[in-house]
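According to Swiss-Prot, the features are:
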type    : residues                           : note
BINDING : SER60, GLU72, TYR73, ASP74, LYS245 : ATP binding site
BINDING : GLU72, ASP74, ASP183               : Mg(2+) binding site
BINDING : ASP183                             : GTP binding site
BINDING : LEU269, GLU270                     : Mn(2+) binding site
Amino acid sequence: MEYSWLENKLQEINRKCIQINNKKSNNDSLNMIIGKLIDVMKDTSVLFKTLYERIIFNGSYYNNLKISKADEYDLDLILVLPVALETVLMLTPEAGYVDVKIDISKIKKLAYYRDILTPLEKLCENGIFSSLKIHSWFEGLVQKSLNIINASKYFPQYKLDMYKSGPAVTLTVHTPFSSYDMDLVPCLKLDKSLYPKGYKKQNCNHIYAVSKPNKDKEWRLSFIEQELSILRDNGHVKPAIRLLKFLRDQRDHKLIKSYFIVTVAMWDLETTNFNGKSLSFAFMTLLESLYKHICERKIPFYWNPNLNLLNKCHRDYLFNLENQLLNILKKLRSSNSNPNVLNEVFNFDIQES
C-alpha cells in the first residue's frame with residue numbers, strides 16, 4: 001500500500017518534534033572534562049593506563065537516533081587485554097553473554113607487565129576476568145579521579161558529580177546554564193578471531209564485551225561497529241527509527257527499548273532496499289514489522305536469533321501493545337489519505353508549515 005500522502009506530515013513531525021538541541025558548548029566541555037578524567041585515571045592506576053585504548057562515543061546521540069535534546073552522552077571506555085594472556089571467550093547459558101577466560105601465568109615472567117600483575121589478579125576469579133569485579137574497580141577509579149579533579153579545581157566553572165546508573169557510571173556536569181550526563185561504561189575490545197560460534201558474522205576487525213554490574217563474571221557481547229555499519233547510508237531508515245521512538249514515547253511504551261526498534265530495522269534491511277524510498281515508506285515498513293514482531297511475541301537478537309529481546313516483557317503488556325499498534329495501522333489504512341490522522345496517531349497536534 002502506498003503512503004506517500006503521509007510524507008509531508010512525517011517530514012514536519014521529524015523536523016519540528018524531534019529536534020536535537022545540539023549545543024556546541026556541551027560538546028566542548030564534554031571533550032575537555034573527559035580528556036582530563038582519562039588523564040587522571042591513567043595517573044591513578046597503572047592497570048588502567050596499560051589497558052585503556054580509546055573512547056567510543058555510543059548511543060542515540062552519536063548514532064543520530066536521538067529524539068530529545070543532547071543532555072545524555074554514552075561513552076564506552078575501551079580496554080584491551082594483553083595478547084599474551086591468550087584470552088578465550090566461553091559462551092554462557094544466557095544467550096548474549098560470555099565469560100572471558102585469561103591465563104595470567106603467561107605474563108608473570110614478562111617484565112613489561114610486572115606492575116599490572118597484582119591488580120589484574122584481583123579482578124579475576126578462577127581464571128575468569130570478572131565483569132562484576134572490573135565494574136567495581138572502574139567505579140572506584142572514576143570516583144577517586146573525580147575527587148582529585150574537584151579538589152584541584154581544574155574546572156571551577158563546572159560542578160561534577162558521580163552516581164551509579166545500570167551498567168554505567170554516570171558523571172553529571174553542571175554548567176552555569178544547564179546540566180548533562182555522561183554515562184561511562186568499561187568495555188573490552190576483542191579480536192575477531194574470538195568471534196563466538198552461533199553468532200552472525202559481519203565484516204569487522206573486532207567485537208566488544210560490556211561490563212554488567214548485576215552479573216558475577218559474565219560480560220554482554222556488543223556489536224557497536226557492525227551496527228553502525230548496517231544503519232549507515234540506508235535512505236530514511238534512521239529518521240523512521242526516530243519517528244517510531246517518538247511514537248513510543250508519546251504512547252508511553254518505555255518498555256520497548258530503543259534497541260528493540262533498531263533491531264527491527266536491521267532485520268528489515270536484510271530484505272528491503274530503502275535507498276531512494278520515501279520517509280513514509282520507511283516509517284510504515286518499520287511500523288508494520290514492529291507490529292508483526294509484537295504479534296509473534298519475539299524480536300530475535302540480530303546477532304544470535306536464539307535470544308528473544310521481548311522475553312522479559314509481560315504477556316499482558318505485549319497483548320495491549322499489539323492492540324494499540326493494530327489500531328494505529330487501521331487508522332492509517334482507513335484515513336482516506338488524510339495526513340492529519342498522524343495528529344491522533346502521535347497524540348500530538350502539529351500543523352504543516
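Yeah, the Cβs are placed from backbone N, Cα and C, and that goes for glycine too.
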Handout entry: Neighbour count (Cβ, 10 Å) for GLU270 (Mn(2+) binding site)
Key = 8
Completion exercise
Whole-number Å distance separating the Cα atoms of TYR73 (ATP binding site) and ASP183 (Mg(2+) binding site) is 6
Handout entry: Between GLU270 (Mn(2+) binding site) and GLU72 (ATP binding site), the C-alpha gap once rounded to whole angstrom
Key = 31
Exercise for the section: Calculate the distance in Å between the alpha carbons (Cα) of GLU72 (ATP binding site) and ASP183 (Mg(2+) binding site), and round it to a whole number. Expected result: 8
Handout entry: Neighbour tally for LYS245 (ATP binding site), based on other Cβ positions within 10 Å of its Cβ
Key = 21
Practice task
To the nearest whole angstrom, state the Cα distance for the pair ASP183 (Mg(2+) binding site) and LEU269 (Mn(2+) binding site).
Solution key: 29
Completion exercise
In all the protein chains shown, the tally of other Cβ atoms within 10 Å of the Cβ of GLU72 (ATP binding site) is 15
Handout entry: Assigned element (helix, strand, coil) containing ASP183 (Mg(2+) binding site), judged by DSSP
Key = strand
Problem - DSSP three-state assignment (helix, strand or coil) for ASP74 (ATP binding site) - result: strand
